[in-house]
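J.: Structure below; questions to follow.
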């Protein structure tokens, strides 16, 4: 991307036309899907090194949603897309097991809570709490040899429309109360503490 942090690249060789016959094509697609899923799992496993403290139950595991760039990134971060794809694979595996018994009209999937995602800078949120519980200043701009880059965060939050106030989808409101709410997560970002130390 445009002056952004480097992400690991995924490369495949050949294309579907180079495969011979339907059986070979099926084997090739299965092999490619297995390889892609294996790479995704390895990347996601590496991201689950940092654990939040037990007191902060709203905190998720560490996820990479930070990018340094000279302009607003045009796409979501790669690891976010990989997480979404893995969730899709998990849901697909589950639906394949129950597909025979399900009504065709009910096979579509909807999120329990509607959400929106966008890139934001430290201009919107100037302070944060680090993993030791200290309040730190989030750096909006980072100096580099040829100028400066902005630090962008890919923020996902509950949608202000729809089910956020009415409760979660799929919950029987006659018996249960539910609520969609945005939770906090830890990310690796450039910050400054009260002693002006940057890290």
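Here, residue 1 is simply the first one shown, and the rest follow in order.
Using N, Cα and C of the backbone, Cβ positions are placed for all residues, glycine too.
Remember, predicted model here, so these are calculated numbers, not experimental data.
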J.: Among 1-23, 24-46, find the range that Swiss-Prot records as region 'Disordered'.
T.: 1-23
J.: For residue 113 (disulfide bond), what is the secondary structure by DSSP, using just helix, strand and coil?
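T.: In three-state terms, residue 113 (disulfide bond) counts as coil.
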J.: What three-state secondary structure does DSSP assign to residue 180 (disulfide bond)?
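T.: Coil, per DSSP.
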